[in-house]
Amino acid sequence: MQGRGRWGLPAHLGGAVPVDMGAKLLCLFLTSALIAYYIYTPIPEDIEEPWKVMFASASFRALGHLLGLMHYMEVLGLITSIEYVEPTSDENVTVMDTEFSNVAVRLYLPRRASDGPRRAVLFFHGGGWCLGQAGMKSYDHLTRWTSNILNAVVVSVNYRLAPKYHFPTQFEDVYSVTKFFLQSSVLSQYGVDPDRVCVAGDSAGGNLAAAVAQQLLEDSEVKTKLRAQALIYPALQSLDLNLPSYQENENKPILSKSLTVKFWSEYFTSDSSLREAMALNRHVPVEYSHLFQFVNWSNLLPAEMKKGHVYTSPTFGSPELAQKYPGFLDPRAAPLLVSDDRLRGLPLTYVLTCEHDVLRDDGAMYVERLRAVGVPVTHEHAKDAFHGAMTFVLGPAKLAVGQRLFNRYIEWLNKNL
């Protein structure tokens with residue numbers, strides 16, 4: 001086993017550096033990186049508490065550069081593990097780690113008495129299908145409070161992650177848990193009202209929630225219907241990675257365009273050729289040109305989000321990538337790619353989008369398509385927020401906008417679930 005140095009990092013990443021000198025160098029590097037970040041990538045003026053946002057975003061980048069660009073995923077994975085908290089019950093909620101259908105979940109059971117069967121939320125965390133887990137402090141806090149405030153059973157799913165596991169594993173894990181939980185015997189075991197179950201998720205988790213809701217409509221084995229779906233700044237397509245929101249927010253916090261491309265490509269394969277083609281937006285072969293109608297932002301975005309951008313026809317790529325990695329054309333990975341007929345019948349929907357987010361237009365286009373086929377949708381658009389804002393609800397990085405977005409999400413669930 002590789003040795004670890006005094007910083008707790010592998011020796012080849014600097015573990016042999018004396019701790020005092022290493023700490024000074026790290027502080028100097030981070031300080032310089034923070035200043036450089038603020039100068040060259042200014043925080044949008046309408047974002048509150050910009051120094052907190054700048055520090056969080058710049059720290060991710062600085063650590064990535066410190067350990068080398070190829071270690072960026074590992075850095076974020078390390079942060080995820082540092083952020084982990086054990087399942088800890090309190091006076092309001094019983095918390096436990098268990099398995100549903102052989103998939104790890106963190107289960108939150110409210111202790112408060114209920115007049116009848118409870119509501120339930122199946123929650124899928126974000127992290128680009130590569131990172132995160134139900135036990136991260138921010139997610140544990142969000143799901144714990146969801147359970148407590150709504151007096152609801154919450155199932156937070158620890159689906160398997162890339163790069164060890166690629167699509168469709170992540171989808172199959174969350175779908176398997178959902179299908180298991182929706183069995184009448186399981187709902188009865190946990191005292192859940194079968195008419196009051198919701199799927200929810202943020203970012204990649206919002207992608208998974210949308211895909212699960214669509215798949216359930218096609219599954220004759222599932223008798224219980226979802227009451228609602230809540231999609232928090234969801235990623236819904238990788239067909240066109242040059243939408244206006246991608247252009248405007250290419251280097252905005254916390255999710256840059258380059259990192260988004262890396263997450264998308266890693267979801268399907270570790271082959272760098274797909275990432276390189278996606279970065280150029282030349283990964284879709286002409287044989288699949290008909291799919292662009294489902295993500296044509298010139299028809300689907302409201303005028304205020306087009307902002308003078310001019311739609312250009314797609315530049316097609318080689319069919320080889322689609323043949324090797326067809327996942328990026330699969331609606332289970334890209335819920336926006338389904339036909340209108342497959343959108344009809346979806347449950348009551350909540351979509352949160354943020355102005356300063358590369359994924360903004362994905363959510364906005366889905367809202368438009370759902371409304372066009374008669375699905376009731378609440379679209380919460382936060383003009384002063386960025387991707388991931390709702391997880392900034394704890395500790396020194398706590399942001400007022402994060403708490404506000406969480407409150408609005410809970411208010412919607414409380415009213416509609």
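Using N, Cα and C of the backbone, Cβ positions are placed for all residues, glycine too.
The active site annotation in TrEMBL covers Ser203, Asp357, His387. Look at TrEMBL and you will find 121-277, 328-390 tagged as domain 'Alpha/beta hydrolase fold-3'.
Overlay of TrEMBL annotations on the structure.
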residue: Ser203; record: active site; Cβ neighbours (10 Å): 28
residue: Asp357; record: active site; Cβ neighbours (10 Å): 28
residue: His387; record: active site; Cβ neighbours (10 Å): 27
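In this structure the alpha carbons, written CA, of Asp357 (active site) and His387 (active site) are 5 Å apart. According to DSSP, the domain 'Alpha/beta hydrolase fold-3' (328-390) comprises 24 helix, 19 strand, 20 coil. The separation of Ser203 (active site) from His387 (active site), Cα to Cα, is 8 Å.
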